[in-house]
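Colleague: Under the heading substrate binding site, Swiss-Prot lists Ile10, Gln11, Gly12, Arg25, Thr68, citing sequence analysis as support. Here Swiss-Prot flags Cys29, Cys33, Cys36 as [4Fe-4S] cluster binding site, drawing on sequence analysis. As annotated by Swiss-Prot, Mg(2+) binding site applies to Thr38, with the evidence given as sequence analysis. Marked as S-adenosyl-L-methionine binding site by Swiss-Prot on the basis of sequence analysis: Gly70. Taken from Swiss-Prot, the feature domain 'Radical SAM core' covers 16-205, and the record attributes it to sequence analysis.
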Amino acid sequence: MLITEIFHSIQGEGPYAGLPMLFVRTNVCNIRCEWCDTKYSFYGGKEIPLSELLGIVKEAKEGWVCFTGGEPLVQRDALAFVKSVVDMGKNVLIETNGTISIRNFVFSDRIFIDMDVKPPSAKVTKGFLMDNLRYLRKQDYLKIVIKDDTDLDFAIDFVDRYGEGLSFVFQPAWGSDIRRIADRIVGTGYNVRVLPQIHKIIYGDVPGV
């Protein structure tokens, strides 16, 4: 599997923020978000045999593995990796951009899906796979990064149209106004969490955390 980095840190995004995890960041992404904070994962990387990668995971003390990228689901051995980690008794949080089907990846309650819905500011051309919504479960959630009012309007409209029974995280782009987002959500009754990237609050905006 083509890997950018493997590191230990605190999960900084979404409803599982604060949990210590082993992060396995794959290389290559099938889209190019304008404000992506891991553009270094688009190129390079190191090919690590699946058996070696699983050995690293097995030795890690964390009970959670964050499988991220890049876009991890483009990796040929993605499903085999996830199945093997689940067989170890560990939880896997898959961070995916929603353009690839998750149908085969929701076979266990130990798997948790963090699925992006890309807003206008991302300036991506590859579309979100709407069929993925029907595979999301209670422990899964949709994450929308919000940079400006146009993104916020988009996010609220998406929740209005498709949000029944689904959980959402509205995540302010790093450096944007979280209070402005919160003020729009309070009192609406939406099933939305407004959460910043806490790993950047703890460590700063640097790779490997």
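Using the three backbone atoms N, Cα and C, a Cβ is placed for every residue, glycine included.
How about a rundown of where these features are and what they're close to?
Modeller: In the three-state DSSP scheme, Thr68 (substrate binding site) is classed as strand. Over all protein chains present, the Cβ of Thr68 (substrate binding site) has 22 other Cβ atoms lying within 10 Å.
Proximity of Cys29 ([4Fe-4S] cluster binding site) to non-local residues of its own chain (separation of 6 or more, Cβ distance below 8 Å) is seen for Cys36, Ser41, Phe42, Gly69, Gly70, Glu71, Val74, Asn97, given in sequence order. Classification of Cys29 ([4Fe-4S] cluster binding site) by DSSP places it in coil, neither helical nor stranded.
Sequence-distant neighbours of Thr38 (Mg(2+) binding site) (same chain, six or more apart, CB under 8 Å from its CB) are Thr4, Arg25, Gly69, Gly70, Pro207, listed in sequence order.
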